[in-house]
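Per TrEMBL, these features apply:
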- 44-177: domain 'Cytochrome c' (DOMAIN)
- CYS66, CYS69, HIS70: heme c 1 binding site (BINDING)
- 196-315: domain 'Cytochrome c' (DOMAIN)
- CYS211, CYS214, HIS215: heme c 2 binding site (BINDING)
Amino acid sequence: MLVATMVIVVTPSFAQDKAPATLAADYQRPQVIPFPASNPYSAEKAQLGKMLFFDQRLSRNFNMSCATCHNPSLGWEDGVPGAFGGQGKTLDRHSPTILNLAWGEEFFWDGRAPSLEEQIKGPIQSPNEMNIPIAQVVDRLQAVQGYRNLFSRVFPNEGISEQSILKSIATYERTIVSGTAPFDRWIDGDSAAISDAAKRGFALFNDEAGCNRCHTGWNFTDNRFHDIGLATPDNGRMTITQQPSDQHAFKTPGLRNISQRAPYMHNGSLKTLSQVIDHYISGGIQRDSLSPKMTPIPLTPQQKNDLLAFLGSLTGEAQAVSLPILPY
Ligand code: HEC
Ligand code: HEC
């Protein structure tokens, strides 16, 4: 008897399907926000921190709050290449987003602040930003009955102090998490959540294009510093470590809500995501400090569009941010 065997060859392509299980595990959104033991979460502390974040009384000339440069409508950035400083001077660096920083490790483009609490002292006291000694902020807030009441509830032993101000703002910042994106629904198994182009783009991201050498995990950052070969006079991480290999190295930004966060890079020098991909296609400026993880990546126009479609799938559902009523 003759038995005919038919072999069906299944090409392992996930363009039509779900994310492969191994990758899905790497990109799974976390369920809870981590808060440090030294500054645990409370809803009242976060609410107080939100008031301080939006309060212009934290600047010498009452003209600037944290939200001036980290505006929720602009992906918690400010939409300009270099931030506008408090004295009308343009800063050399672009305002980074404050989304998902509860998972951050070192802060600023060059990583010079070891915690969010430490980071906050920078902009408040910097002459080109809010330009006011924190001790003076403490005095100003002491004069406000509403703040005195709130601080004594949240910090019964401490009241209004430099530390309690920093802890409140940092707690609020840690609550700022990007919303669930179509990409997340796809990772969770909804095969219709993103387009086939975006699925192909994700495959490229993890393979031929090598983006995942640095943009790792659910927030798409390794929290490390790399020179990706942009033209810039800024020495970046080298100013902190003095290591020549850190020249022009900057912290890998997360890619959540990236479509809402133009312009791009530490100096805001690239206006569109299309220009960002073109930069990676070129491989960047060849120099000693260029990351060994950077190589020119020849992409076809369709592959470039696929990568762009994937980046577009990282925008979370809109989250309304209400302005706090500030105490007087
Ligand atoms: C004048 C605009 C401006 C103001 C006001 C401002 N920032 Fe920033 N912020 C920036 C810029 C520019 C950087 C990047 C500077 C650098 O890396 O050297 C930055 C960096 C940061 C970072 C680091 C993000 C990361 O990924 O490492 C955090 C967090 C932050 N700011 C929070 C705040 C808070 C909180 C306030 C209010 C107390 C504030 N900023 C006020 C412009 C501003
Ligand atoms: C060698 C590590 C590395 C690789 C590989 C890499 N990136 Fe980046 N990426 C970075 C760093 C570091 C920055 C910030 C550089 C700067 O500002 O000077 C960045 C910036 C970006 C930005 C702008 C983010 C912002 O907030 O301004 C986007 C978008 C981006 N990368 C996407 C990609 C894509 C897509 C790929 C693959 C084609 C890729 N990256 C490959 C490290 C890397």
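Counting begins at 1 with the first residue displayed.
The backbone N, Cα and C atoms fix where each Cβ goes, glycine too.
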Taking every residue in the domain 'Cytochrome c' (44-177), what is their average pLDDT?
-> 97
Output: those binding-site residues from CYS66, CYS211, HIS215 whose CB lies less than 6 Å from an atom of ligand 1, in sequence order; none if no residue fits.
-> CYS66
Integer Å distance between the CA atoms belonging to CYS214 (heme c 2 binding site) and CYS66 (heme c 1 binding site) = 28
Most Cβ neighbours within 10 Å, among the binding-site residues HIS70, HIS215, goes to HIS70
Out of CYS66, CYS69, CYS211, CYS214, the listed binding-site residues, fewest other Cβ atoms within 10 Å surround the Cβ of CYS214
Compute the C-alpha separation of CYS69 (heme c 1 binding site) from CYS214 (heme c 2 binding site), stating it in Å without decimals.
-> 26
Could you check which of the binding-site residues (CYS211, CYS214, HIS215) sits closest to HIS70 (heme c 1 binding site), going Cα to Cα?
-> HIS215
Provide the three-state DSSP residue tally for the domain 'Cytochrome c' (44-177): helix first, then strand, then coil.
-> 65 helix, 6 strand, 63 coil
What binding-site residues in CYS66, CYS69, HIS70, CYS211 place CB under 6 Å from ligand 2?
-> CYS211
Using DSSP with the three-state reduction, classify HIS215 (heme c 2 binding site) as helix, strand or coil.
-> coil
